């Protein structure tokens with residue numbers, strides 16, 4: 001067995017070296033998304049002095065390929081824009097804040113920082129500095145469509161209880177992950193699954209502008225399968241994210257009467273369904289009882305109340321990165337409010353925004369929100385760019401991803417694993433990179449001064465040159 005491992009290692013090293021020199025970094029980014037979401041430690045893990053898995057090896061390989069191709073001159077680093085400085089500021093704040101937390105929590109802090117921020121940041125840097133063409137944008141959309149077909153099919157199979165057909169097999173194990181009984185995919189939890197599934201669904205619609213008319217009916221036929229898989233997640237934030245992002249994308253891609261008719265019809269159906277089925281949505285029967293679901297809804301108020309009290313005590317610098325779970329215990333004895341605060345004792349935060357506010361205070365919350373503000377602004381600009389027309393697609397997709405991610409962050413803490421942020425930062429890097437790649441460069445004419453010459457003489461032109 002050792003000899004087999006050695007042969008595989010040598011072959012992997014040789015092929016990996018070739019790919020680092022000549023391979024596509026864009027394809028590497030896509031492969032890392034699949035490896036992280038589908039082929040992580042639950043799929044395969046081995047010990048080589050340290051625990052290794054396919055997703056970790058893929059991350060190391062992608063970083064190595066980026067560095068090699070950069071040194072070979074195949075990759076040119078772009079200059080920083082405003083959002084890059086804001087991201088750097090947030091990372092610095094998290095690092096400095098982490099240096100002052102209790103050493104007993106060191107491993108959790110490092111793991112949270114690494115998984116939730118540094119690994120996604122790596123993906124952002126790589127995607128941000130690639131060169132994009134119409135062909136590469138089409139490849140991105142096709143990738144999301146194909147991956148989405150797998151995710152949607154998996155979700156439908158889970159929804160109808162056909163677990164024997166699932167791959168990887170760990171999806172069918174009720175002891176692994178969360179939300180067994182819902183559509184949760186290879187991420188084995190419905191929130192991350194919903195983020196990827198909804199993003200892929202948007203790509204199905206956007207791809208129609210990049211293919212011939214004869215293939216469009218096939219894309220339209222896929223949408224009901226995606227919507228069924230979204231429904232089977234039985235997760236309200238996933239529904240809101242999928243529905244809200246789809247409305248945004250339809251608004252940006254349709255024109256005239258078609259846009260008014262489609263958006264108006266969907267909004268009316270959503271409003272009617274929400275009003276008539278409100279009790280059923282709140283008391284949704286999932287893997288637990290209806291009472292468990294209602295309790296989950298009521299816990300949100302407890303999280304919000306405790307977070308507000310904690311913020312008031314330490315508003316500037318917060319209670320420390322990843323410290324909410326332990327720091328909140330001192331606030332659960334409050335009897336001045338009609339909430340069962342003890343119900344959240346054993347839980348991490350269920351709201352990313354409040355989690356950042358409590359852990360990092362205002363000094364960390366402002367750059368966190370500013371990142372999404374600048375991302376949304378740049379995505380909006382890219383989505384309305386006239387030239388090149390194919391670049392608009394990534395701007396539209398990214399606006400949809402922002403809506404999806406925000407809906408999840410209102411109801412869940414999505415930064416404890418790299419899965420969600422990796423996708424968000426990847427699409428962000430693509431959008432910001434494309435926007436900057438085709439940013440119009442305004443040439444500033446050098447100041448010119450002329451000296452009035454004698455009749456018949458040539459004027460003396462003096463100009464300032466820059467070196």
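We number each residue from 1, going along the chain as drawn.
Glycine is treated like the rest: Cβ placed from N, Cα and C.
For the ranges 38-55, 56-73, the feature annotated in TrEMBL as transmembrane segment maps to 56-73.
From the options 187-207, 292-312, the stretch TrEMBL describes as transmembrane segment is 187-207. From the options 390-407, 408-425, the stretch TrEMBL describes as transmembrane segment is 390-407. No contact links the transmembrane segment (353-375) to the transmembrane segment (56-73), because fewer than 3 Cβ pairs that are 6 or more residues apart lie under 8 A. The transmembrane segment (139-157) makes contact with the transmembrane segment (219-252): 3 or more of their CB pairs lie within 8 A, with pairs spaced 6 or more apart in sequence. With a cut-off of 8 Å on Cβ pairs spaced 6 or more residues apart, the transmembrane segment (219-252) and the transmembrane segment (390-407) reach 3 or more such pairs and are scored as touching.
Comparison of 85-103, 109-127, 187-207, 258-276 by number of C-beta pairs under 8 angstroms to the transmembrane segment (56-73) places 109-127 first. Away from its own ends, the transmembrane segment (109-127) comes close to residues 25-26, 28-29, 32, 59, 62-63, 66, 87, 90-91, 94-95, 98, 101, 321-322, 415-418, 421-422, 424-430, 433 of its chain (Cβ-Cβ under 8 Å, at least six residues beyond either end).
Helix, strand and coil content of the domain 'O-antigen ligase-related' (226-368), in residues and according to DSSP, is 104 helix, 0 strand, 39 coil. Within its own chain, the transmembrane segment (85-103) is flanked in space by residues 109-110, 113, 117-118, 121, 124, 317-318, 320-323, 359-360, 363-364, 367-368, 370-371, 374, which lie at least six positions past its ends and keep a Cβ under 8 Å from the stretch.
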